[in-house]
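Features of the protein shown, as given by TrEMBL:
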- 44-113: DNA-binding region (DNA_BIND)
- 1-28: compositional bias 'Basic and acidic residues' (COMPBIAS)
- 115-135: compositional bias 'Basic and acidic residues' (COMPBIAS)
- 44-113: domain 'HMG box' (DOMAIN)
- 1-49: region 'Disordered' (REGION)
- 112-144: region 'Disordered' (REGION)
Amino acid sequence: MKGGRSKVEKPKPDNKLAAKRKVADRATKKAPKKAKAVKDPNKPKRPPSAFFVFMEEFRKQFNEKNPNNKSVSVVGKAGGDKWKSLSEAEKAPYVAKANKLKSEYTKTMAAYNKKQSEGAHKAAEAEDESDKSKSEEEDDDDDE
């Protein structure tokens with residue numbers, strides 16, 4: 001069995017066909033990235049959930065008790081464990097505060113969206129007016 005192979009060799013596909021498949025695979029895997037949408041800095045931020053409202057208070061207490069702690073993960077882990085151990089009645093004030101913040105957010109978002117749509121309307125109207133003025137100018141030129 002010198003020089004022989006113990007495994008059965010599989011027939012190789014046509015080289016041209018294999019090359020086309022490789023090119024097609026590369027094309028599908030590396031699709032061009034879409035440009036990210038520009039974020040509006042004036043857009044209101046989403047409100048925190050009840051857990052994050054709780055964590056604001058918990059971080060302060062934890063840092064007072066453990067002033068030498070520099071690890072963020074330890075605080076997060078301790079906060080998560082504490083949150084899980086709270087009963088529904090103990091979570092209620094945080095849930096109420098989160099709901100209040102959410103209702104304020106919906107009001108500000110409504111105002112923001114209204115302002116955005118008005119701005120788009122004004123831009124469209126300004127564009128229409130500029131188009132009208134161009135056509136009126138052309139009519140005036142034709143009359144002369």
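Each Cβ is built from the backbone N, Cα and C atoms, and glycine gets one as well.
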Integer mean pLDDT for the domain 'HMG box' (44-113): 95
Residues of the domain 'HMG box' (44-113) by DSSP state, where helix covers H, G and I: 56 helix, 0 strand, 14 coil
